[in-house]
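Structure record follows, encoded as structure tokens.
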Amino acid sequence: MWPRTQSTMRTLCSNLRPPPYLSSNSAVTVILATDKIKSSRGFVIRFTVTGSNSVCGSPNLFECDNSACIPRTRVCDGHFDCADGSDERRCRVDQWSQRLVRTTECGSPSVEPDVEASDRIVAGQEAVPHSWPWQASVQLKGFWPAAHFCGGALLRNDLVITAAHCVQGQRPVDLVVKLGSHNLADDDASVQIRRVSTYATHSGLQPDDLTHDVAVLKLSPPVNYTAHVRPVCLPGPGQQLPVNTTCYATGWGNTRGSGHSFLLKQARLVLRDFDQACAGLLSIQPNLRKQFLVCAVDESNDAGPCHGDSGGPLVCRLNRSSAWTLAGMTSQGTSVTMTSALCGMGAGTVWSGVIPNRRWIDLALSKL
């Protein structure tokens with residue numbers, strides 16, 4: 001959809017109503033691209049002519065870059081009121097003031113997750129809303145709402161960790177990160193959307209060797225820590241996650257027809273010895289160095305991550321009183337690759353290990 005005198009302005013996907021679009025021209029071109037299914041109802045477009053240069057329709061309202069409206073008095077007040085942070089993006093500092101910067105404890109959700117059931121991502125079991133507050137959705141800018149293609153985890157208010165194969169070759173300007181979301185199709189007041197100003201990928205990543213499948217994204221501007229947006233903990237010095245530790249994977253990946261992937265899912269997994277449960281991956285990628293990887297399986301043997309879950313977190317805690325710690329980022333399946341037609345059910349899954357990659361992660365955190 002674009003004005004006749006301009007380049008493409010917006011690409012819309014799915015059957016959900018998009019946010020309003022305001023054109024400064026008298027004509028707009030709309031092109032519909034569809035598949036061979038002919039049983040759907042089509043679409044309806046409603047338009048009005050306005051003398052306003054904002055979808056908000058009032059001089060007392062500020063239009064965020066995502067077309068949401070906030071009171072103009074909240075612009076440049078030091079707090080991100082627009083989900084995309086655009087109300088604080090072009091501010092001039094006329095005076096300085098002292099105030100406490102909000103911090104938060106890592107690995108401590110304000111909403112307790114359901115860790116009793118052995119739910120699985122592919123089967124479409126929904127997570128308790130906002131119980132994994134570090135969960136991030138890495139998206140392509142300009143595609144709404146079906147822009148999600150990888151997961152991630154919040155490490156700091158301006159840094160998200162994900163899998164390197166998710167962003168390798170992508171321009172930072174084409175990426176956005178959504179945090180605080182449960183339903184990707186519903187950007188409620190909890191959601192914060194940030195641009196990616198730059199990112200770092202592990203230099204050891206190769207096309208035929210995903211041993212170091214890890215990347216860190218720099219957010220601009222930083223997110224606000226809230227009850228629904230909180231960082232996950234990195235493992236402490238000398239900390240180890242032993243075999244048979246129970247962990248959880250989360251994501252919005254493909255559910256293979258067993259549930260709507262707009263809703264966040266969780267899967268209960270158990271850490272296993274690589275040679276016993278994940279050695280099948282070596283037949284696909286013989287150059288892998290298993291000492292940098294984490295292997296985990298679903299004990300029911302019918303669950304696991306799928307397309308769109310790549311980069312998402314695997315988190316563990318040693319007891320109910322301890323914080324949730326990041327063990328790895330979803331990288332690939334063991335019997336098939338994460339980009340193949342099959343995934344999720346049966347075979348183990350391999351994560352890029354945080355503990356063995358910790359030196360590079362710390363270096364990236366200090367430089368970004």
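Backbone N, Cα and C define each Cβ position, glycine as well.
Whatever TrEMBL says is automated annotation, not expert-curated.
The structure displayed is predicted, hence computed values, not measured ones.
For C64-C82 (among others), the entry in TrEMBL reads disulfide bond. Close to C82 (disulfide bond) in the fold, though at least 6 residues off in sequence, lie F62, C64, D65, N66, A68, I70, E88, each with a CB less than 8 Å from its CB.
In the three-state DSSP reading, C91 (disulfide bond) counts as coil. Just so you know, the Cβ of C91 (disulfide bond) picks up 11 other Cβ atoms within 10 Å once every protein chain is counted. Sequence annotations record features per position, and here TrEMBL assigns disulfide bond to C76-C91 (among others).
As annotated by TrEMBL, domain 'Peptidase S1' applies to 121-366. The average pLDDT computed over the domain 'Peptidase S1' (121-366) stands at 84.
Look at C76 (disulfide bond): DSSP puts it in coil.
Neighbour counts of Cβ atoms within 10 Å were compared for the disulfide-bonded residues C64, C76, and the top value is held by C64.
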